[in-house]
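Per TrEMBL, region 'Disordered' is recorded for 266-309. What TrEMBL lists as transmembrane segment is 6-26, 47-65, 85-104, 125-146, 158-181, 235-256.
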Amino acid sequence: MSYTFLKALSWICGWTYTICWSASFWPQPWLNHKRRSTVGVSIDFPMLNLFGFVSYTIYTAAFLFSPEIRREYGERYPESPEPTVTWNDFAFAAHGAVCCVIVYTQFWPQIWGYTVGNDQSSTSWARGIFAGGVLTVAALIFAVVATEDTNEAGNLRGWAWLDVMYAFSVIKMIVTLVKYFPQAVENYQRKSTVGWSIYQINLDLSGGVLSMLQLGIDAYLQGSVSGVVGNPIKLALALISIVYDVIFIAQHYWWYASARHEKYDEEAGGEVSEDGGAPDGDDGTGAKAAGNGRAQGREPGETTSLLGN
């Protein structure tokens, strides 16, 4: 196949995966809005997702806009000095960060007025991942500043700012590896995917396949696997996402398919349906959940902390 054709195919795959992955952010907040509830969604997912996409935005922006990072990359990978981070990577990351802010704030009744489940608090291990990521980046920045004099032009002997950017990419990979797990467990415990939008998963799976295809084409055009090795985050994101997407699809369409049309909301004490309809006896604003709160010794509208117990 000709170089021009493969280059065009890479461009098409890149922007198509960007559209698919970007579109995958919207079904969940829209479903939360229709239900006026976040019950059925683990808060660890949007919290970790926000941390991951802020890190990924910094990573992609640095490879596109920082002459220093691009120079260091070329020195470390001289056989393939052009980074494989593309504009569509940055667009996807920045858009994802904005969407994650929206979803995370939906867990705050003070902002959106949505019904929040009694147990929707971030877990200690999720907060630990956040703290560990911040401390790791801070330690690397200190190491770069302390060893900056050891690096010569064309020879990176010590820690470099490129390593700090790779730390952000590792944060994103770790977040992607673990962020779906709480949701998969919640679906398993409830034996239902009600409240968890399957449309975002279908789009996410499509984007993952196309992202891997673009990365492979770009590496082939460069005649070296350095394009893959030098951009491990892109390959890891696609592979991890595909594995979890398959699990969620199995939960939704096979394992818990019979529960998709049931109307219940055990956590909030009210009843909701997958299509967002409010059940009989509930005005859709959480009134029924408020009544359940009184039965458990809470005042109407009182919710548990979202940041911890």
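Positions of Cβ are set from backbone N, Cα and C atoms, glycine also.
Whatever TrEMBL says is automated annotation, not expert-curated.
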Residue numbers, six or more beyond the limits of the transmembrane segment (125-146), whose CB comes under 8 Å of its CB atoms: 44, 47-48, 51, 55, 158-161, 163-164, 167-168, 170-171, 174-175, 178, 182, 307-308
Candidate ranges 6-26, 47-65, 158-181 - greatest C-beta contact count to the transmembrane segment (235-256) (under 8 angstroms): 158-181
Cβ contacts under 8 Å made by the transmembrane segment (158-181) with residues that lie 6+ beyond its boundaries: 44-45, 48-49, 51-53, 55-56, 58-59, 62-63, 66, 68-69, 72-73, 76, 129, 133, 136-137, 140-141, 143-144, 146-148, 150-151, 232-233, 236-237, 240-241, 244, 247-248
Intrachain residues whose Cβ lies under 8 Å of the transmembrane segment (47-65), provided they are six or more past its termini: 73, 83, 85, 87, 89-90, 93-94, 96-97, 100-101, 103-104, 122, 126, 129-130, 133, 161, 165-166, 168-169, 171-172, 175-176, 178-179, 233
